[in-house]
Amino acid sequence: MADKQISLPAKLINGGIAGIVGVTCVFPIDLAKTRLQNQQNGSRLYTSMSDCLIKTIRSEGYFGMYRGAAVNLTLVTPEKAIKLAANDFFRHHLSKDGQKLTLPREMLAGCGAGTCQVVITTPMEMLKIQLQDAGRIAAQRKLMPETVAPGGPVEVKSPTAMQITRELLRSKGIAGLYKGLGATLLRDVPFSVIYFPLFANLNRLGNRGAEGPAPFYVSFVSGCIAGSTAAVAVNPVDVIKTRLQSLSRGSQEDTYSGVTDCVSKILRNEGPSAFLKGAYCRALVIAPLFGIAQVVYFLGVGECILSYLPKREK
């Protein structure tokens, strides 16, 4: 964010709008990322992002690319609002008399933002991954029957988010929705530590003179560069998180008991390159997502909405 003072309600509105617009634009790429990260050696159905999207449209239709989007659109507002507002909150309280933050303090603010957001991020991604990956599992059963256990079903009806939520709450309680919490923290905290200081410093390069803020296109480009850099940097942990949060697997695919077990099995069975699966997809998802977020903040959409509401009430 640019270091301008914005009220908390405006920050929440800005974060929510940015999240909804961004998710709607890039969700199909995110679906491809999840499916590429989840497929293991011996059950590879997709060769690339484009191959994944083409096969998804052929087998599930256009709206198949938006499996799980409803969960994201519902929860991305509080998730992005918490992340962006928390970073501004920590930056404000870590600054001394409004002076420029040092790099360690910027990183500490990002760390605080990443820690706060996992309250929403973990259950949101837990549900999203089940819905996104359901099509891959169904396609495996049809096109790669050797990956299905003998006597296993040829086709399984895709569950809804509410069905998954009820089953997890019934069988495991609230902890079921927070499976992979540790891996989510290991991904989101370093992401924020990298992203927020990098964005702030890139955006500062485009400032107009000593006091003037950077133009909106500088904020957009800075958000894209910082977002894609941070996304690729933490992609290995994102692969681990995706694998841990996936509940359904083919009969020949590994299951994991935790982060250490997941890392060990991936290294042994798939090699180090497996940790880069979906990296370019993730960069393509995160870059516009955070670029849009910074433009929404720059334009002050939240402030405009708040200023309009009282006029409507009169």
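From the backbone N, Cα and C atoms, a Cβ is placed for every residue, glycine too.
Per TrEMBL, the features are:
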- 6-93: repeat 'Solcar' (REPEAT)
- 12-29: transmembrane segment (TRANSMEM)
- 101-205: repeat 'Solcar' (REPEAT)
- 214-303: repeat 'Solcar' (REPEAT)
- 283-309: transmembrane segment (TRANSMEM)
Average pLDDT across the repeat 'Solcar' (101-205), rounded to a whole number: 83
Structural state census, the repeat 'Solcar' (6-93) (DSSP three-state): 73 helix, 0 strand, 15 coil
The repeat 'Solcar' (101-205) - residue tally per DSSP class, helix then strand then coil: 87 helix, 0 strand, 18 coil
The repeat 'Solcar' (214-303), counted residue by residue under DSSP: helix, strand, coil: 69 helix, 0 strand, 21 coil
